[in-house]
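Reproduced below are the annotations present in TrEMBL:
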ACT_SITE  B:54  active site, nucleophile
BINDING   B:113  substrate binding site
DOMAIN    B:10-107  domain 'Pseudouridine synthase I TruA alpha/beta'
DOMAIN    B:146-250  domain 'Pseudouridine synthase I TruA alpha/beta'
């Protein structure tokens, strides 16, 4: 008898070699599975993540599920037990017992990624692991205008790094927001999409920054999307600035459905 | 011929063994002096800091001075040159050429330290190097009330860790502010004082938290101060949460002079 747990967690990605287990590397999955093995006194428990964040990428709202063997542990106790044996760079925030039909990947209706970019010539030392860096002039309005071309259902092949195994690259972008945080002299990008392809957010951010900097015309994105050609865009923003912010298992709230305006 | 530079800098203290140079340890002073030696192509330049922050303690507004040999470099170029060769956990923010009568320690009129404490049971992973931790109930009003007893000129012997070499332990506390940041579930302490003794902020924070938690009466501080006895207070809050926020070379602004109300 096993019990399926759905857990929401945050992690600081800068000391992990990404989410997915790899031999001889410190990974989020490996760290959590080792903790679960301790709790079960030796039984292996594998976890599934909503997505595999890359090396250096952070999470504020990653979601995992796993089937815990033996006696059912109440959610509040499961959180405490795991947090007590976790290293300090992973913290579980929410725990629910779910039906076996629930699956973190297949049940997800969308994901929200956030990306921070510092415009300072020299990055605030406290942000150095948590922000991308673009010390060049950028025009916010141009990026905001260009971003509207991303909304809706498109084949995002041009924005997918090779290495992904998924063939169907059609996704629905529900929401894009680009804001300047004056105090921090940084730009914050938010993307909510039905699903993201490999490196998609980082490629989108790099392309939008090129538009903001005047290296590409404001109306370039429809052309790039139509080309379905990764060679149309070259840059990938660094992993540091990327946060998996939230995974939606409910319908995407109306205020984030710019595709239905 | 040398030119005296006054520079303001921020650093993330978590990978430094404190400010002061020590053999075979990575320190803030050692790192800056190595950079200056590169710039002078081999000449030693020693720096003076406004204070020696401990291992793990951070700075948003540390100030140093040094006498740079040879050709005078304009302040803006000095900042860029140093920032270009600094590791990412130190960033210079301001640079001025000053008279030789200026000294970062002797010319200072006061210092501002800030301390962050997380009240969460498990600390936000992104704050783990930048906050103290007190996962117990605290009464904010009690701490605020007790803090008023610190304002004014007192002998702070009871709040000085042994190891300091300074005999006169009389200081003037100009300003104490304690606030709760609801969003982050943390408490932020600000102290502005004519000067701080060894570990003074961390001992004050630990003592105030004891008052907030009801382990000490609200009116305990006048008694502790009068005792001039370090044995009256035992706890020292962890280094992680402490930031050297600002050093005053101008008169302390009126709004921060609670001693003159």
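Cβ coordinates are placed from backbone N, Cα and C, and glycine is handled just like the others.
Any idea what these are sitting next to in the structure?
For the recorded site, residue B:54 (active site, nucleophile), the DSSP three-state label reads coil. Sequence-distant contacts of residue B:54 (active site, nucleophile), defined by Cβ-Cβ distance under 8 angstroms and a gap of at least six in the same chain, are B:18, B:19, B:199, B:239, B:242.
In this view, residue B:113 (substrate binding site) is surrounded by 24 other Cβ atoms within 10 Å of its Cβ, with every protein chain counted.
Across the domain 'Pseudouridine synthase I TruA alpha/beta' (B:10-107), DSSP assigns 26 helix, 26 strand, 46 coil.
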How does the domain 'Pseudouridine synthase I TruA alpha/beta' (B:146-250) divide up by DSSP, counting helix, then strand, then coil residues?
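Tallying H, G and I as helix, E and B as strand, the rest coil: 34 helix, 33 strand, 38 coil.
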Return the average pLDDT for the domain 'Pseudouridine synthase I TruA alpha/beta' (B:146-250) as a whole number.
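Residues in the domain 'Pseudouridine synthase I TruA alpha/beta' (B:146-250) carry a mean pLDDT of 95 in this prediction.
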